[in-house]
Amino acid sequence: MGVWVQAGSTALICCVCVNMAAMFMWPSSTLTLFQSGYTPLHRPLTEAEANMLGSLSSLGALISTPFTGMMLDRLGRKNISLLIGVIGVISWSMISLSNRVEVVLSAIFLSGLSGSVFLVVPVYISEICQTSIRGTMTSCSMVFYGVGMLVSYLMGGYMNYYPMVYTCLTMAVASTLFITVLKETPVCLMAKGLNEEAAKSLAFYRGLKPESKEVLEELSIIQRSLSPDLDCAEVTPEEQKLNPADRKHQKLSVIQFLNKSRSTRKALFVCVTILTLSIFQGSVVVQVYAGPLFSAAIPSVSSTLCSVVVAVVTVLTGLVSAYLTEVAGRRPLMIHSSTLSGLCCILLGTQIQLGWAPSWVTALFIFVFTATYSLGSGMVPYVLFAEVFLPEVKSFMSMLTVEWAWFCNYVILLIFNPLLKVVGLGPIFYIFAVICFVTSVFCMLEQPETKGLHCEDIQHLFDKKSSKARRIEGSA
């Protein structure tokens, strides 16, 4: 029963990911219309306004993510999620009620503030789900984002302007209402000292009574993670009894915590490095510039249909990845996915540069690359940052990671066109291939396996000097 409650709650909270993806992909289906003489706006977009239409949402996400990270512990995961849902409702309401260019651009910027969903939703899911399904459930945030892409492509290709807007507004209202039935996470409640409410929340998500043995044991684990003994794995129980005053937990600032916790510093380094390498593997470039590639490869098929196929591939491989995250583990997925993506980039680059096969093979390689990337590098980094940090610094560290991800996406899209003019499209995929192989090697050397482990145990894995880390690795 508890697993079904957790799965259902995950689906409800992930609906905001669908809405965010629909809004972020919306300009791709409306840009040509807005620039034409048949625009539903009060005038066609200028060239500068057309560029803003696609970039304002990313700017909003860059601004909102630090704010969300600072307020995540104060306001709570549920309230922040509700705020993100309300932002979506306001954005679509503005678009549905006004046809002025300035209002539409303002709504796009406002919708970008919901980009912090990549910070809130994985953290929320990781804190309500038991360890046996945590990876699979956390992966759902990216799966639902893929669903949002698919919905946006389908509506943009086969629906008129206003029916699409009203449909998206209805989806935004529904997803916001879904969040109201959820409970705040036990970790967040215990961090505020609301132990009784935390017990009720945990019991709700486990399908048990608050006073049950299982709930009390898990609450004890959460309490230990909230009051960690930083990098003191070598201290024996006898030493703890002889020096009880030294073992008293003190509230530390984030900077003090980082200075004192060797394992947290290592976890941040690993998460940021893996996320950076994953983004620079080039999937975002393939998504953004898939249209021209498909038009050149298979001109007889509409680019809308090809974009839909890319979204379908993303969703299906995302579902497979969500399952394999718990079955095979995070580390093998990253290693094998990055290796396969590198090989695919080499084949795609040579095909673009040399044309050694029929043109439809280019489209096939794009689909295969999308699948291999989504299988590991497009999913696992977002699972990692949600599970490796202790609750005391999880909000701040997750905020740093997500903010860096938005920055990396901006950089790769910024440098792509200049690089394309200098070296050409084929050699760019050779660069992506090198990054894919570097990712695979880095994960083999530095990424620990976190499948089925509590946060406290995961932290020990990032401290190679800890004897407990060796015991955990030995039992894995």
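These residue numbers are counts, starting from 1, taken along the chain as shown.
Here the Cβ of each residue, glycine as well, is placed from N, Cα and C on the backbone.
Caution: TrEMBL annotation is automatic and unverified by curators.
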Response to the item:
Range annotated transmembrane segment in TrEMBL (choices 161-182, 183-204) is 161-182
Worksheet item: To which of the residue ranges 218-243, 296-321 does TrEMBL assign the term transmembrane segment?
Response: 296-321
Fill in: TrEMBL annotation of transmembrane segment - which of the ranges 31-51, 52-72 it falls on
52-72
Fill in: Among 52-72, 103-125, 267-290, 396-416, stretch most in contact with the transmembrane segment (333-354) (C-beta, under 8 angstroms)
267-290
